[in-house]
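J.: Please read through the structure below; I'll follow up with questions.
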Amino acid sequence: PETGRLALYLLGLRATCPLPEPGPQRLLVTWLKYYLEEDWAGSRRHGQPLTSYYQYSLGVLALCVHRKRVREEVIHRLLAAEHHGRFRHTGGSTVDTEAVAALAFTCLERERLVGSRLAAELQAARRRVRRRMVEVQDLDGFFGNVYSTPWAMQVFIATNTCRTQPAYSRAMAALLENLDAFTTAATMAQVLPVLHGRSYLDIASMRCQEEPDTLMPISAEPPAEMLGNMTVRLVVECPKPRCPQHRLYDRTVSAPAGASLLDVLRAAAMQGPPNFTFVTQDTSQGPFLSRVLGMEARQQQRSYWQLLTAPGTSLQMGVADYRPHDGETLILRLSEW
């Protein structure tokens, strides 16, 4: 199911105040309901959604912003996942998933799309999530990492606690110092509302007839060219017993200075031998590394290609965003979540 992608599209569509042509928009909402039901059926069979709890929560949030009811069984399954800590996965942060779920809970309560008893459960869950976010804030001020921080901050904004919560002020200071990390449309869409003191829940209350048409295109200056080449070491790892060899690839790769990790992978594919192969999939967050040297990361098997720099620092950017430096060791590791 394309739950997350369609949910983000519907949130964006509502935010742009589309012309009153309800037919196509109603059809998209119907599709999102269908995808959410498919995800719910997967959760009932496998103990988790077919996509992820992140996409599952986005679907609930988007339907709520469009003031569409969600079956209580769907909401209860998301509540149970939050209450029993099922958002967690190996070696990763759950802040973004918990934040999106908390925004969905807040929206359902605010728009009065649930009964009073369920609303009380949603309110308690939202408070637990907000408390955990304060507890996991790191010394740099981030909630999880730089990309999950705007999601967490939206929770404080949506619940009117940002002015009384010191953790929010520290996160804003950290965010302002790292705005250059937000280079894709998807990540910009997460951080821009926060910089204006807004959350995605504000989309539901927009008065479209009062919105001025102030969007103006700008011509960005091209980045300065970086001359010369760099050399990086590229390592591909696969855990035992799936891969008895464990290390599948270990070579130095030459690429233009300033190239992205995706450019490095393309350069490795051209430089062989040994032959290096990889496949990416387009997502709303940019290219996603799905297959390396014939080894596929499968969501059904809860596996993904983890991006690291030696000795074991996980990258907080995608393959198209991260720009290695000369002499760096890059590790692609098939991991489970």
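All residue numbers here begin at 1 and follow the chain in the order shown.
The backbone N, Cα and C atoms fix where each Cβ goes, and this holds for glycine too.
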J.: Going by TrEMBL, which one of CYS64, CYS162 is joined to CYS107 by a disulfide bond?
T.: CYS64
J.: Quick one: pull the CA-CA distance for LEU307 (cyanocob(III)alamin binding site) versus CYS64 (disulfide bond), whole Å only.
T.: 34
J.: Given the recorded positions CYS107, LEU307, and counting only Cβ atoms in the protein chains shown, which has the most within 10 Å of its Cβ?
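T.: Counting Cβ neighbours within 10 Å, the top one is CYS107.
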